[in-house]
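Over in TrEMBL, the protein carries these features:
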type	residues	note
DNA_BIND	A:16-55	DNA-binding region
BINDING	A:Gly90, A:Ala91, A:Gly92, A:His93, A:Met94, A:Gly95	NAD(+) binding site
DOMAIN	A:79-180	domain 'CoA-binding'
2 protein chains.
Amino acid sequence: MNKKKISIAVIKRLPRYYRYLYDLLKLGITRISSKELSERMNITASQIRQDLNCFGGFGQQGYGYNVESLFNEISNILGVNETFHTIIVGAGHMGQALANYGNFEKRGFKVVGIFDVNPAVVGTAINGIEVLHIDKLDEFIKQNKVDIGILTVPYDQTPAVADRLARLGVKGLWNFSPMDLELEHDVVIENVHLSDSLMVLGYKLNEMRNRNKSKN
Amino acid sequence: MNKKKISIAVIKRLPRYYRYLYDLLKLGITRISSKELSERMNITASQIRQDLNCFGGFGQQGYGYNVESLFNEISNILGVNETFHTIIVGAGHMGQALANYGNFEKRGFKVVGIFDVNPAVVGTAINGIEVLHIDKLDEFIKQNKVDIGILTVPYDQTPAVADRLARLGVKGLWNFSPMDLELEHDVVIENVHLSDSLMVLGYKLNEMRNRNKSKN
């Protein structure tokens, strides 16, 4: 396939297509028009056609999209059928929650190691995986394939731990500290901003209340 | 202030401005040009001027923005100085992690109740708050101010629990199930898509690897 460079905006929508197509497959729906998909996903049909065109475009005039082949293609692009080995650095509440979240493993993200400094958790097992002291990080990464480091360490320590992982050759970082982590190294980073999402919710709530007040 | 309607794209960037301005304040920086802010935030200066113009625009030619007043204005818009009462429905690993995440309370989001059905957790305390059986949800919401419901229940139960909260008058929902929750009711919803973020990271990682391979 002659691959065009896919823009980051399209990439960010791919998991959403993945989810909707997965649901359609479960419902036994074998084909869907961009119009129907558009109504379900609350995206314009032209946006959908444009997005899906970026990686080949399976839509056929008068037929629509074949749900299964589109789902498979998006799964391949996202690498869902591969296994990414991940380690979690920071076995606090969030680290533990992520270690126990089965959905990630279903998507190909397998937790192979968990690290912390807290003597209360080092040596315990989370979801069957022993928590190792962070002093063992270097050795572990040298001896095991590690694709992604999940950072659930305290805010102040995040840049240093991220830098350490990158120097050890970990190429993907999933950061949970409320900062836009950036590194000099050749790594890819996804920042999860839970507080940002909550603040947007607070804003929308106030805005709705003000709107309702001015109506009355 | 003569408020323009602020677009959702701008709203979504506000927490980011909030974070960067907070850091500037901590560093003792009192004013900043859109150019400097642009370099720090990796947004174009014209985008920054346009965004900040949406709610009054404090920039002055040759002076830039007053960091403190801009920070205060954004805090007010986001409602960070208010208190939102939240309940967590679903005291599994993610619910527990969120209940223990001090950062939310700092931003004005106070957990006032936690609910579950699991007899192993009902009656225990998480971060000082007793987990109540979900049968007590109706009574609790009638007797207490609840602004936001945080949904960390299993996937299949999410729509029903969301609907129940909305019927009880909870106006804001923060959903952690991997679905785009939508309701008929007059509520605002923020969906957190952790798996989507992880899948985007997986994509970027593969893409970087392929790029590096083709270089060699």
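Cβ from N, Cα, C; glycine included.
From a predicted model like this one, the values you see are computed outputs, not experimental measurements.
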Same chain, 6+ residues apart, C-beta under 8 Å of the C-beta of A:Gly90 (NAD(+) binding site), given in sequence order: A:Phe115, A:Asp116, A:Leu151, A:Thr152, A:Val153, A:Pro154, A:Val161
For the domain 'CoA-binding' (A:79-180), the number of residues DSSP places in helix, strand and coil: 35 helix, 29 strand, 38 coil
Subset of A:Gly90, A:Ala91, A:Met94 (binding-site residues) with C-beta under 8 Å from chain B: A:Met94
Neighbour tally for A:Ala91 (NAD(+) binding site), based on other Cβ positions within 10 Å of its Cβ: 26
Distant-in-sequence Cβ neighbours of A:Gly92 (NAD(+) binding site), under 8 Å, six or more positions away: A:Asp116, A:Asn118, A:Thr152
Nonlocal neighbours by CB distance (under 8 Å) for A:Gly95 (NAD(+) binding site), same chain, sequence gap 6 or more: A:Ile88, A:Val89, A:Ile114, A:Asp116, A:Ile126, A:Ile150, A:Thr152
Local Cβ density at A:His93 (NAD(+) binding site) - other Cβ atoms counted within 10 Å: 19
